[in-house]
Amino acid sequence: MCTLMHKHDDSLFSNSFGFLRLPLEFYPYTRHNDWVITGVPFDIATSGRSGSRFGPASIRKASINLAWENCRWPWNFDIRQKLKIIDCGDLIYKSGNVQDFTNILQKHIENLLRFRKKILLLGGDHYITLPVLRAYSKFFGTISIIHFDAHADYYDNNNQYDHGAVILYALHEKLINPNRSVQIGIRTEYDKNFGFTVLDAEYVNTTAVHVLINQIVSVIQNRPVYLTFDIDCLDPSVAPGTGTPVIGGLTTSCALQIIRGFQKLNIIGIDIVEVAPVYDCAQITALAAATLGLEMLYTQVKF
């Protein structure tokens, strides 16, 4: 199989086709493009149910359902005519070697940023965000994040590699500024003393979308912001295919409406994580992830 940089791949979960039927381009760094999609099939840092290593392939497969539209509703243009987007396939790493994976992912992101690419990552568990933020810090310094999740992800389990501690590690390394960052959809234990603006799930589900968007924009302003979307932010009724589901989450409609309010934000990168298709039903979780990813790209078209 052809793979990123034509490295040998003996995994059983890598993709064979691109997101939204985009052609696979295995030398993404010097290509003339705006956005690069990379699959990150990694779930060794999962504390609950594993299986998100199959997330990238499932999201790409579900994205076929979206490829037929010239103009994704409610937008009035074809994103493929406005943004130069390529899919470079899946990251290749030594199976079972977390440090090898961490180094390879960080280097891949650094190479893309060196050539001024913007990045959409398809995970994989939420640990993948940490090496990505390390790479971004070398180019942007301390940045803001918008973090969609059911969990705050700063739980200290004394484990160097833990998807539930990615935000904690990012804070310790000063990769992100919590006072200029927003967490959305949280509905498990969190500590207000960390400094994040937290729009918990109950608040989001009972507040007008325009109010939520105004709050988010007022915190982020024009700062460089990284958008990380854990699919368990959504309610399990619409996204059952994930490792640590929590009831009382966002609907897909609510998430889409919030994301559409990000058009004026300075988004420098995106990831969508924790899709575990083995627990999915009729591909609805993968379809939600694919649709949200496409919607995020639409918001990045500047007129």
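Just so it is clear, glycine is given a Cβ too, placed from its N, Cα and C backbone atoms.
Mn(2+) binding, as stated in Swiss-Prot, involves ASP149, HIS151, ASP153, ASP230, ASP232; the candidate among HIS32, HIS108, HIS126 given for that site is HIS126. The Cβ neighbour count for ASP149 (Mn(2+) binding site), using a 10 Å radius and every protein chain shown, is 28. Ranking the binding-site residues ASP153, ASP230, ASP232 by the number of CB atoms within 10 A of their own CB puts ASP232 at the top. Each of the binding-site residues HIS126, HIS151 was assessed for Cβ neighbours inside 10 Å, and the highest tally belongs to HIS126.
In this structure, ASP153 (Mn(2+) binding site) belongs to neither helix nor strand by DSSP; it is coil.
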